[in-house]
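Some features that Swiss-Prot has for this protein:
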| type | residues | note |
| --- | --- | --- |
| SIGNAL | 1-19 | signal peptide |
| TOPO_DOM | 20-237 | topological domain 'Extracellular' |
| DISULFID | C41-C120 | disulfide bond |
| DOMAIN | 141-228 | domain 'Ig-like C2-type 2' |
| DISULFID | C146-C223 | disulfide bond |
| DISULFID | C162-C212 | disulfide bond |
| TRANSMEM | 238-258 | transmembrane segment |
| TOPO_DOM | 259-365 | topological domain 'Cytoplasmic' |
| REGION | 269-315 | region 'Disordered' |
| COMPBIAS | 286-315 | compositional bias 'Polar residues' |
| MOTIF | 360-365 | motif 'PDZ-binding' |
Amino acid sequence: MARLLCFVLLCGIADFTSGLSITTPEQRIEKAKGETAYLPCKFTLSPEDQGPLDIEWLISPSDNQIVDQVIILYSGDKIYDNYYPDLKGRVHFTSNDVKSGDASINVTNLQLSDIGTYQCKVKKAPGVANKKFLLTVLVKPSGTRCFVDGSEEIGNDFKLKCEPKEGSLPLQFEWQKLSDSQTMPTPWLAEMTSPVISVKNASSEYSGTYSCTVQNRVGSDQCMLRLDVVPPSNRAGTIAGAVIGTLLALVLIGAILFCCHRKRREEKYEKEVHHDIREDVPPPKSRTSTARSYIGSNHSSLGSMSPSNMEGYSKTQYNQVPSEDFERAPQSPTLAPAKVAAPNLSRMGAVPVMIPAQSKDGSIV
């Protein structure tokens with residue numbers, strides 16, 4: 001009975017060890033974004049495996065919306081690595097001779113989209129074997145900033161904050177005091193591993209240099225801050241100064257506006273006065289006045305004559321003297337007045353008057 005059991009065990013071991021097998025165990029791999037992930041896949045062949053060697057790596061993305069995709073393939077002594085666009089140029093076999101039993105690959109410049117399940121499949125008829133590896137890509141903490149939220153005055157309440165710009169969860173925080181006794185204040189001990197420390201009733205003993213370290217499974221980052229707890233400032237003086245400054249600014253603005261308004265009024269007044277002043281222009285000279293003077297003197301002479309002697313004068317016609325702006329109108333020929341003897345004129349009370357001669361065109365000579 002014992003011999004039969006040993007025979008069965010030996011047969012099982014022989015069957016288990018025969019044929020193609022992948023010796024690398026399945027495992028979970030965690031790497032940081034931007035790093036290189038090494039996915040191992042080592043295999044052994046048996047004499048019975050006589051067919052062509054085919055090696056392929058497949059990926060099942062973490063979103064589970066895409067079926068398994070081939071990312072790199074070895075077949076017919078050739079390598080094909082352009083099947084999966086997201087990993088094109090970033091996946092390579094680590095061995096120059098994969099037939100030696102090493103089908104491991106490197107995935108460079110890891111991105112969050114590379115997260116998923118990778119499968120190594122080796123085929124050499126009649127043997128077939130495969131192993132799966134879970135790749136997780138994490139982001140290192142970076143860009144961490146330490147700052148004080150509040151007024152750093154004695155008796156005040158404020159907060160010390162430690163905030164990384166990026167980093168995959170879970171994140172761990174640790175505060176330390178780097179100056180003086182390097183001992184954290186007792187009220188803060190409960191929050192030494194928190195991203196925020198709440199400071200109550202601050203005292204000058206809290207002043208010093210502090211550091212905050214944040215880390216996750218793939219990396220860490222650190223920031224520092226200087227805390228200076230000072231006596232309260234003179235708020236009344238500050239408020240009074242602000243009020244006085246505001247009033248002075250308002251007065252200055254008012255003065256500027258007043259000056260601008262006054263200047264505009266002066267300019268407007270000067271402009272109106274300038275438009276109201278007109279220079280008197282003398283009227284154009286006319287020859288009509290000369291003619292009128294002659295006619296007036298002639299009428300005076302005729303007024304001293306008797307009605308019987310004015311018969312010749314009543315028929316005399318004078319044409320109107322045109323202005324310089326118009327052409328002179330043609331004149332009708334004038335009749336010579338009747339002659340009266342000098343003794344008759346004297347008896348009539350006439351006074352001798354010199355009458356200027358008149359040309360045919362009406363002008364006085």
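Placed from the backbone N, Cα and C atoms, the Cβ positions cover glycine too.
Note that the structure is predicted; figures quoted are calculated from it, not measured.
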Among C41, C120, C146, C162, C212, the one of these disulfide-bonded residues whose Cβ has the fewest neighbouring Cβ atoms within 10 Å: C146
Chain-internal residues, separated by at least six, CB under 8 A from C223 (disulfide bond): T144, R145, C146, C162, S211, C212
Structural state census, the domain 'Ig-like C2-type 2' (141-228) (DSSP three-state): 9 helix, 42 strand, 37 coil
